[in-house]
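Below: the structure, in structure tokens.
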């Protein structure tokens, strides 16, 4: 055994070779020295930053869960008799998600957002996906990033009630205004995930005998795919990685439209879903 290894084959640390009497004990350190005071302040700052990061991760997880529930709710529109009732319920739930985003904005007060962006990006992407899905169902168009950011401006009055109001400042102490801006990357990733939900919406529509929605979705997805194609490999890695999934969703919707156009007139509406499911295999 080498003299550098101790019992069990573990390497000895350098200070293990020092006589015990020469080791510096912690009790010899002067706690009131400027160096120790400075490092104590560093420790407190790092602990506070870590705790803030963990709180943001929990808020992001809550935003993700609630946004997914809203998406599941919106998928019921294809089979529900009253679409307005579901849209109203979804809007109420979205307001609840925005209150979570308000808490994120309050946590980031005085901080550089990009230092904590990794903690909240998943929740923001899911929120963009949910709000853009709702907007497409209502208007058959894509919501812009500016429209989303306008919804994320909050004013907290003295009575503790939050109201959405326009403001140009990230935080205004006099009026209690908070704002959280969705980054372009979060917006693009949320829109990329939206295409998967639109593909599922297309499947559900076909199953319910709706032959108009698949063609509307197909035209919209082509426009989105063209927009992402302009970005190509020049954008962030996450965006280019989702371009392949977007292309798959578009191909499935186009196959459905092809089946409806070619064989739709000769197949009963209640059997269209079976034809579409065979196409996907």
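Each Cβ is built from the backbone N, Cα and C atoms, and glycine gets one as well.
All TrEMBL annotations are machine predictions without curation.
Range with TrEMBL annotation region 'Disordered', chosen from 1-30, 31-60, is 1-30.
In the shown protein chains, 24 other C-beta atoms lie within 10 A of the C-beta of residue 129 (Mg(2+) binding site).
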